[in-house]
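Visitor: Following this message is one structure expressed as structure tokens.
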Amino acid sequence: MQRITILGATGSIGASTLDVLARHPEKYQVHALTAHGRVDELAAQCRAFRPARAVVGTAEAAQRLAQLIADLPTSVEYGAQALCDVAASPDTDTVMAAIVGGAGLAPTLAAARAGKKVLLANKEALVMSGQLFMDAVKEHKATLLPIDSEHNAIFQSLPQSYARQPGDSGVARILLTASGGPFLNRAVDTLEDVTPEEACKHPNWVMGRKISVDSATMMNKGLEVIEAHWLFGAPAEMIEVVIHPQSVIHSMVSYVDGSVVAQLGNPDMRTPIAHALAFPERIESGVGQLDLTRMASLQFHRPDYQRFPCLALAFEALRDGGTAPALLNAANEVAVQAFLDRRIGFRDIDRVIGRVMDEIAHGAAASIEAVMEQDARARAAAERVVAGLARA
Ligand code: NAD
Ligand code: MG
């Protein structure tokens, strides 16, 4: 029996994870479920999966949840420390890290430091803490498996020898595919007028609102380049972004002999979730078999950095190193929220990030405290830029 904690159970990834778990009750048992504010949904999940512990964001939310599930054996907790506790608990083997944004860093790191099997969906956590996170995984003998569909595809396409000796494994490049999001072909001069509803309407995937906006700006791909850098120890030059609007090939690895190995499948996150849960075995995920004969065509082209300046900003942050990716991530989180709240326009997102990156000098990412300090400074600076743009 694998005992699982799901951080961010009420989100898109959280719900897909529970869907896969429900298909294999003999293999998996839910230890803890966490959510920020959606108490009713969490209560329904507790009823269905009967976890030992449930964590919410505030005392009020905890009180409501406790009332809703008073007849269950689940103990209710709240707050940041409780998230870290359920992630590091001796009663859990595996932690699905599916909180969105920097809020997920502390509990994801706590899981790594406790030597858990960490299934990483929360890419922002790794973007912020990079080397520190990977060092914690190594030091505490945690197992890190990627949930992001591209990284899961790369993981599946790499040779077994890569983890031991990446230099001798014959890998030439990592080809990170990107759908290009909803604005791949929209006239560039109309991007100023995009609404949150339009930005959240992804052509191939149904996801949370933050990652949906990130996909529309292609910051999502930028964060994924940084994520790939850390997960696979690959320098920026080795990672190539390829636009593939159909999202059927989830990413590829090319080799020195000219071979390209790819992972394909229907665009449904239950496939990478099931892969990581059962690794190295395979389990049924609920995703149907891919019917290649129904695919009209598969297209590939290079990204347009004029249309998607966020992608260029992310490559820049990766090359700058240190706390630069943490600054990028923090500014992006603030800008995306401001856009969703209709305080700034769509194109203002990259303006906010660009200005914050210019304003704040990045430093060494020597400790998590140093990273969090830079994160806080970048958020404050981004709020100031947002306020200025909102007044303009
Ligand atoms: P979502 O918005 O649907 O869900 C987010 C979850 O995090 C919710 O359970 C919410 O309660 C919780 N949460 C939000 N703020 C919190 C806070 N301050 N403290 C504690 N918990 C908080 O998001 P999602 O689409 O499921 O994405 C989750 C993560 O997975 C993101 O990092 C995203 O980039 C990544 N990811 C998602 C997809 C996808 O298909 N949805 C694919 C790849 C990667
Ligand atoms: Mg992805």
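Backbone N, Cα and C define each Cβ position, glycine as well.
So TrEMBL lists the following for this protein:
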BINDING   THR10, GLY11, SER12, ILE13, ASN122, GLU124, GLY208  NADPH binding site
BINDING   LYS123, SER149, GLU150, SER179, HIS202, SER215, ASN220, LYS221, GLU224  1-deoxy-D-xylulose 5-phosphate binding site
BINDING   ASP148, GLU150, GLU224  Mn(2+) binding site
DOMAIN    4-130  domain '1-deoxy-D-xylulose 5-phosphate reductoisomerase N-terminal'
DOMAIN    144-232  domain '1-deoxy-D-xylulose 5-phosphate reductoisomerase C-terminal'
DOMAIN    264-380  domain 'DXP reductoisomerase C-terminal'
Visitor: Are there any residues at least 6 positions away along the chain from ILE13 (NADPH binding site) with a Cβ closer than 8 Å to its Cβ? List them or say none.
Guide: MET96, ALA98, ALA121, ILE147, GLY208, MET269, ILE273
Visitor: For the binding-site residues ASP148, GLU150, HIS202, ASN220, GLU224, which sit with their CB under 6 angstroms from an atom of ligand 1?
Guide: ASP148
Visitor: Between LYS123 (1-deoxy-D-xylulose 5-phosphate binding site) and GLY11 (NADPH binding site), what C-alpha distance do you get in Å?
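Guide: So the alpha carbons of LYS123 (1-deoxy-D-xylulose 5-phosphate binding site) and GLY11 (NADPH binding site) sit roughly 15 Å from each other.
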Visitor: Which secondary structure state does DSSP assign to ASP148 (Mn(2+) binding site), in the simple three-class scheme?
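Guide: SS state of ASP148 (Mn(2+) binding site) = coil.
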Visitor: Among all protein chains shown, how many Cβ atoms are found within 10 Å of the Cβ of LYS123 (1-deoxy-D-xylulose 5-phosphate binding site), not counting that one?
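Guide: LYS123 (1-deoxy-D-xylulose 5-phosphate binding site): 28 neighbouring Cβ atoms within 10 Å.
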Visitor: Near ASP148 (Mn(2+) binding site), which binding-site residues out of THR10, ASN122, GLU124 have their CA within 10 Å?
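Guide: Checking each Cα against ASP148 (Mn(2+) binding site), the hits are ASN122.
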Visitor: Per DSSP, how many helix, strand and coil residues does the domain 'DXP reductoisomerase C-terminal' (264-380) have?
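Guide: Within the domain 'DXP reductoisomerase C-terminal' (264-380) the tally stands at 66 helix, 2 strand, 49 coil.
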Visitor: Per residue, counting other C-beta atoms within 10 angstroms of the C-beta, which of the binding-site residues THR10, ASN220 reaches the highest number?
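Guide: Answer returned by the neighbour count: ASN220.
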Visitor: Looking only at SER12, ASN122, the binding-site residues on record, which one has the least crowded Cβ, with the fewest other Cβ atoms within 10 Å?
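Guide: Among the binding-site residues SER12, ASN122, the lowest count of other Cβ atoms within 10 Å belongs to SER12.
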